[in-house]
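Engineer: I am attaching a structure below and will ask some questions about it afterwards.
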Amino acid sequence: MTTFRFCRDCNNMLYPREDKENNRLLFECRTCSYIEEAGSPLVYRHELITNIGETAGVVQDIGSDPTLPRSDRECPKCHSRENVFFQSQQRRKDTSMVLFFVCLACSHIFTSDQKNKRTQFS
């Protein structure tokens, strides 16, 4: 969240300025030349949050993709041991690496932990 700083002498807005001699960030009033040191060298931070699904890009013929690794993990739905797997497409700090398996027999999507089962896609 962006915060504005104001001059303690004239109440006008303070603007960021670089102190090139000491290599530090300052805030300066353009009206009365009041200067104060910034607590942090960060002026602005823009965090991008994407909202793509965990299984984005899964299509019906995913099993014919030769670039995907194969696994013999048992499908919890049909008990087949032929599947492909891929990593979750969510790239956020708060998510851990999740592997998704797609059964080649029934197209069921599941993860390595059996609690997080996925349904069949069309």
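Including glycine, each Cβ sits where the backbone N, Cα and C put it.
Take a look at what Swiss-Prot says about it:
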type	residues	note
BINDING	C7, C10, C29, C32	Zn(2+) 1 binding site
ZN_FING	7-32	zinc finger
ZN_FING	71-111	zinc finger
BINDING	C75, C78, C103, C106	Zn(2+) 2 binding site
Engineer: Given a separation of at least six residues and a C-beta threshold under 8 Å, show me what packs close to C10 (Zn(2+) 1 binding site) in the same chain.
Structural biologist: C29, T31, C32, Y34
Engineer: Could you state the CA-to-CA distance between C78 (Zn(2+) 2 binding site) and C7 (Zn(2+) 1 binding site) to the nearest Å?
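Structural biologist: C78 (Zn(2+) 2 binding site) and C7 (Zn(2+) 1 binding site) have their Cα atoms 69 Å apart.
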Engineer: In whole Å, how far does the CA atom of C75 (Zn(2+) 2 binding site) lie from that of C7 (Zn(2+) 1 binding site)?
Structural biologist: 65
Engineer: At a 10 Å cut-off from the C-beta of C78 (Zn(2+) 2 binding site), count the other C-beta atoms across all protein chains.
Structural biologist: 12
Engineer: About how far apart, in whole Å, are the alpha carbons (Cα) of C106 (Zn(2+) 2 binding site) and C7 (Zn(2+) 1 binding site)?
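Structural biologist: The separation of the Cα atoms works out to 67 Å.
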Engineer: Give me the mean pLDDT over the zinc finger (71-111), rounded to a whole number.
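Structural biologist: A mean pLDDT of 83 is what the model gives the zinc finger (71-111).
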Engineer: Using a 10 Å cut-off, grab the number of neighbouring Cβ atoms around the Cβ of C103 (Zn(2+) 2 binding site), all chains included.
Structural biologist: 23
Engineer: Can you tell me the CA-to-CA distance separating C103 (Zn(2+) 2 binding site) and C7 (Zn(2+) 1 binding site), as a whole number of Å?
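Structural biologist: Per the Cα atoms, C103 (Zn(2+) 2 binding site) and C7 (Zn(2+) 1 binding site) stand 64 Å apart.
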Engineer: According to DSSP, does C103 (Zn(2+) 2 binding site) sit in a helix, a strand, or coil?
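Structural biologist: Going by the DSSP assignment, C103 (Zn(2+) 2 binding site) falls within a strand, counted as strand.
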